[in-house]
Structures are given as structure tokens and as C-alpha cells.
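Q: What TrEMBL shows for this protein is this:
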REGION    B:52-55  region 'Important for substrate specificity'
DOMAIN    B:78-327  domain 'AB hydrolase-1'
SITE      B:Arg186  site 'Important for acyl-CoA specificity'
BINDING   B:Arg219, B:Asp352  substrate binding site
ACT_SITE  B:Asp318  active site
ACT_SITE  B:His351  active site
2 protein chains.
Amino acid sequence: MTEFIPPATRWHTLPSPFAMKRGGELRDARMAYETWGTLNAARDNAVLIVTGLSPDAHAASNEGNPEPGWWDAMVGPGKPIDTDRWFVICVNSLGSCKGSTGPASVNPATGTRYGLAFPELSVEDGANAAFEVVKSLGVDTLACLVGNSMGGMVALAYLLLHPDSARAHINISGSARALPFSIAIRSLQREAIRLDPNWNHGDYDDDTQYPEAGMRMARKLGVITYRSALEWDGRFGRVRLDSDRREDEEPFGLEFEVESYLEGHARRFVRHFDPNCYLYLSRSMDWFDLAEYGDGDVEAGLRRIRVDRALAIGVKTDILFPLQQQEEVADGLRAAGADTEFLPLPSPQGHDAFLVDIARFGPAVRNFLSSL
Amino acid sequence: MTEFIPPATRWHTLPSPFAMKRGGELRDARMAYETWGTLNAARDNAVLIVTGLSPDAHAASNEGNPEPGWWDAMVGPGKPIDTDRWFVICVNSLGSCKGSTGPASVNPATGTRYGLAFPELSVEDGANAAFEVVKSLGVDTLACLVGNSMGGMVALAYLLLHPDSARAHINISGSARALPFSIAIRSLQREAIRLDPNWNHGDYDDDTQYPEAGMRMARKLGVITYRSALEWDGRFGRVRLDSDRREDEEPFGLEFEVESYLEGHARRFVRHFDPNCYLYLSRSMDWFDLAEYGDGDVEAGLRRIRVDRALAIGVKTDILFPLQQQEEVADGLRAAGADTEFLPLPSPQGHDAFLVDIARFGPAVRNFLSSL
């Protein structure tokens, strides 16, 4: 399977072997990352961004790649994550197919891609790999660690496993553990891929046998859970497609705008993300549970994290990482001694609001970073 | 495809031809129904129940079939829908595969089953067919029309299209129109079936070529949206399967209790519901919009309905037919002149609460019916 690597990507080779939490190890693995701004002489102005499941390291345009990034409105000179002040690093997740080593990468031991021979991937592995990138850039302590969605899990693991690695933390639509509704959704997404005969137990072969039907289903189900019914009521209502965009000859074909919206998302995703990478990253979220570090108690796990300041932001319309989970993070970090703010936002856009509701997320992130 | 018909089923043959709303007609079509209790001499104690997508007409045990029905706790002597007082009728939906004529039935014109040759099915067709059953039983005016979920749509169409057909109405987790989140979910369920090669454009053949993978996906997605995250947090949490129930040898196999729960639901459904019937009934809900009867305004559509008394019940945790939709029904019926109560319930079980939270739904329905 092709990897999808943006042009400004830089790489850091991980220590070899790189031990994985659940067993096994990687050799000669690498992490893809990009940076913005300049590390100051005191090396105390670094901000690391860890991402959701699918983004690459290109969070925003930069010298190497003027194309807008996935968080372009948030990262740049004068923007909420102000690159005139901060040295910003964004890593592509370990296990992804967008530059960092993952199941779509070639296994140096065999000369063929890993596929399902890739060791079991946990959120903690991604955190440890991101930590190595930061260390390689000469940063001992981050000014702030920002994690969105899955990245909110990665960030908490990073902080817990690497004491004194950051002074502040912004957890956006993240959580300290996976709960059954989101596990059910992700399990179904994975099942859609696994049921596709072209998946072939992970042994598909580039373009000829890509599990397109499974990936379409997985992506559409993802998009349904990334947004909210409230947003869609206003955005789509019951509007139907114009007749020239209808599939009237196709039994049960597309008819409503909302169906076409999902179709567009599926088309842009399918063949641009590796199915095995999707499966590995998805499962890593199900496994994540900070209670493992707190004798079965998630708050006790959170209490092992040491940061000076924390901000947990969530959205009332989020059905995938519901607001109580960000409140749980805030309560735990506060109990751990951090000066912590919990900020519930009334964004209608659901889990993905941090990508689109910049009017609310921009000031929230800007104000917190400005106060550091 | 096999039909799945409970033993106490009775039938009423519809007028032939039976014209369908969107064009086409059925010949020699029949409706399956069951009854409980006795119609009184004044013929004014009849209660009709119209169902969600999948139930048959066997709402409760009766003389012909002592097996518990799908609403057994609600229907019977002394129960909330008290068959000592009421003559209760439950119909299997037109288009279903559980006794009433649908895509899995044999087309008398060809001698083969309809499949996709079945005319387009609308909620209104189901309402008109149910009306014929009630009329055939000698009932001019129902004491109460009870509709759950899709049946809440059917009931509103029934009341609007057949003036003076009922004095009272209970709308449970229903709606006056489909909104985009539920359209998206149903569209994805249908796509799962359509993408299954065994669906074969509706031309599968019994056991040898049933679209099992597609139906599994559709059912699991259904169950996810029928319940609620809140209920599952308490019910499943992060509990894992015992090792003897794990699928450790299967890559990405079941690991959590919530996954096993979905699997159980899928296994009980697959091969017990006809895929084409599922597609037709599912799409009929997307199409339903009482605004068609109100010059584009759903409340104006509702205002055309005449009943004396109405009760709309909804559940805060319902993501498929959210509570605002039952409030919309209540507001519209009240504006139409009905003495109307809107009853939001704090059930944690989501859309399906009316099937399981009898502690709340029982008294609500009992009190309303007692007051008639």
C-alpha cells in the first residue's frame, strides 16, 4: 500500500530496537514531523501537537509546504498557536501511513511491508515515539503539549510516562479511556474493513485489491460520529440532491444532500489511507485506559500526571468523546495539582468542532497559551 | 427468501388493486395481524398498535401463540394496554417479511417473489394498509392509535389521511419527519447491504447467497443507534470477554463485552429478516415528511390531524428520533386542537427504551389510556 507523505516532512529515526508496550519491537522505525517557528535559546518555547487518527504532520503551511494544513487556522504567525512565539512541532502518529512507520511501511527484516506482522500498537507506543522526536530536537521540557481526539489520549500517556516532559497541557476532545459506545463504533468500522473480501486478512496488494467497500463504510460511519445531528439539521435538513446529481437509476441510490456529503468524504478518504494502519490505530484507542496506571481507577491514573497548568476543552454535541470525558480529564489533572480549567463549548459540530469552529476554539487556545 | 410468520397470525386481504403513494399497485396483497381482548358492542374500545421496522404482529402472548411477544410487558390482562378493557390489534407492517405482503412475498403476476420489482414503499402505504385491517374488523373509530418508532410515523400518516379514524393517539419515540442524522444512519445501513456482493441487486436466493455481511453491519449499526452511550457505560464499561469467549486467533477479533453484545444481536437478526424488506422499510422512513401536507411546514401538516387527546413520549438519550421530534409532534397536535401531553422520560436506554424501560413507559401509557 502506498504511503501518503506531504513534501515538507522531516524524519527522526527511533532508537532501534524500539520496544512496543504489548510486546514485539520495531527496528529502524522513523517518525515523520514538521515544525514551525524557532526554538529559543532557553529551549523553553516548544509546543507539540499530537493528532487524531488520520491527520499527517502538516498541521499548517510552512516554508517547505505552502499548502494549507489540517489545522491551518490555528497554527501560524499571529494565530492562536502563534509561531512568532512558539516553536511548534507536529508529529505523524506511529502506526500511520503518512510518513511515520506503520503497517504500510516496509519491514527491514523482510523487505516487504509489515501488514499484520506489525506488532500490536498501543497509544503508549505513539506517545513514546513522539517523545523521542521532541528529545531529538533538543527540547527537554515542552512549554505545552496539545492533543486532539486520539491525540488527547496520546498526550495523557506522554505526560504520564515521561515526568517533567511538559509544563502545560491542552486536551481537546480527548479522553483518559475508551468507553463502550466509541468502542462499538470503532469495532464496527474495523469489521466493515475485515468483512471486505479485498482486505484478505491484511494481505491486499495496492490498487488491484484495495478493500474499498470496507473503507467507505468505515469512513462514512466515522463522519457520522465526528459531527452532530444538531449541525446537520441546520446544514442539510431534508434537502434533496438536484436531479442531475441523483442516482435514480441505481436502486436505493443517493437522494439527500446528507448522503452526498458522506459520499464525498468517503471518496476523499478511500485509497488515501491504508486499511491496516486504520485498523491498528483504531484498536489502539479501544485499548487505552489510564486506569491501568491507577490500580483500576482512572482518576488515580490521571493523578500521576504532573503539569503546572492544564486546559480540557470539550463540546456538548460530541457523541464519540462525550463532554464528561473531558471533565474527567480536567478533574483528574486538578486533583493531581495542576491549575486546571475545564471549558465546555456549545459548538454544534460535534467531535470535529476543533477543526472547524475556530471562532470558539481559537480564542480558547490563544488565551490559555498567552497566559503561560 | 423465507418469510418469518408467527403461528397466531391472521390475515386480511387488501382491496385489489391497492394503489401505492409513489406509483404502482399491489394485487392480492395481505396484511398480517393479531388481536387481544374483545371488541365491545359499541365497537369503541379498539386500540391499534403500529410497530417499528422489524417487529411482527405478535406484540404479546395470546390464545393462538403463548410465546411472549415483543411488547409482552405492555399488552395483556391488567397490563398497561389492558386487554380486559381494550380490544387490541397489532399489524405487521406492509413491506415486512413477517406475514404482510412485501418484497419477500410472491408476486401473483409472476409467481416469483417481488424483490426489487415491489413498488416503492412509503410510510403512507403502510398507514393505508393498517386502516384497511381496522375497517375489516368492524371498527370505524379507534379508541387509541399507538405508534412506536417507525410506527409513530405510520400513526401520524394514518390520522392525517383518515379523518375521524381515532379519538386518541400515543406517539412513542416517533417523529413527523426524518432528519439528516437518522437518514445518514439508515443510508449507511442500506449501503452495507447493497455493497454486499451477495445482495446481487436484490436478486439473492435463499440460503445460498444471503447478504449476511451486509445485514450484520446494518443490524449492528442499528443496535448502536437504538441504545445509548450512557446505558452502555454502566452496562458494559470496559469489561473484556473471558478468554474462552475471545477471538484471539482472529486478527482484530472480539475482545470487549460490548462487541459481543453487538455480535449476539447480529446473529439473532441475520437470516431472520429479509434484506430487500429491510431496504424498503428503511427508505420509507427517510421519505416521510408531514410537511408535504402542510405546504412545506411540518407543523402545518400536524395541524391537519384531528384527535381529541394525544400523548407524545420521548427519551432524552434517543439519538435516532431525538426528543425534540416528539416535542414537535406534541406541539403540532396541540396546535391542531388536541388535549396533548408531552412526556420526556429520563430512560437511559435511548430509542429502544419503550421496549425495556417498562417501569417508566408502563405507567405513562397506563395512565393515559385509563383517562380515556
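Using N, Cα and C of the backbone, Cβ positions are placed for all residues, glycine too.
So that I understand the layout, could you describe where these features sit and how close they are to other parts?
A: Listed by sequence, the residues of this chain that lie at least six past the ends of the region 'Important for substrate specificity' (B:52-55) yet keep a Cβ under 8 A from its Cβ atoms are 70-71, 92-93, 96, 98, 148-151, 269, 273, 278, 281-282, 285.
B:Arg186 (site 'Important for acyl-CoA specificity') carries a helical DSSP state (H, G or I). The Cβ of B:Arg186 (site 'Important for acyl-CoA specificity') lies under 8 Å from the Cβ of B:Ala178, B:Ser282, B:Arg283, B:Met285, B:Asp286, each of which sits 6+ residues away along the same chain.
All protein chains included, B:Asp352 (substrate binding site) registers 23 other Cβ atoms within 10 Å of its own Cβ.
Taken residue by residue with DSSP, B:Asp318 (active site) is part of neither helix nor strand, so it is coil. The Cβ of B:Asp318 (active site) lies under 8 Å from the Cβ of B:Ser173, B:Ser228, B:Gly350, B:His351, B:Ala353, each of these being in the same chain and 6 or more residues away along the sequence.
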Q: Can you tell me how many other Cβ atoms are located within 10 Å of the Cβ belonging to B:His351 (active site)?
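A: B:His351 (active site) is surrounded by 25 other Cβ atoms within 10 Å.
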Q: Using a Cβ-Cβ cut-off under 8 angstroms and a sequence gap of six or more, which residues of the chain neighbour B:Arg219 (substrate binding site)?
A: B:His265, B:Ala266, B:Phe269, B:Val270
Q: Take every residue in the region 'Important for substrate specificity' (B:52-55), average their pLDDT values, and give the whole-number result.
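A: Mean model confidence (pLDDT) across the region 'Important for substrate specificity' (B:52-55) is 97.
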Q: As a quick check of your reading of DSSP, tell me how many residues in the region 'Important for substrate specificity' (B:52-55) are helical, how many are strand and how many are coil.
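A: DSSP classes over the region 'Important for substrate specificity' (B:52-55) add up to 0 helix, 0 strand, 4 coil.
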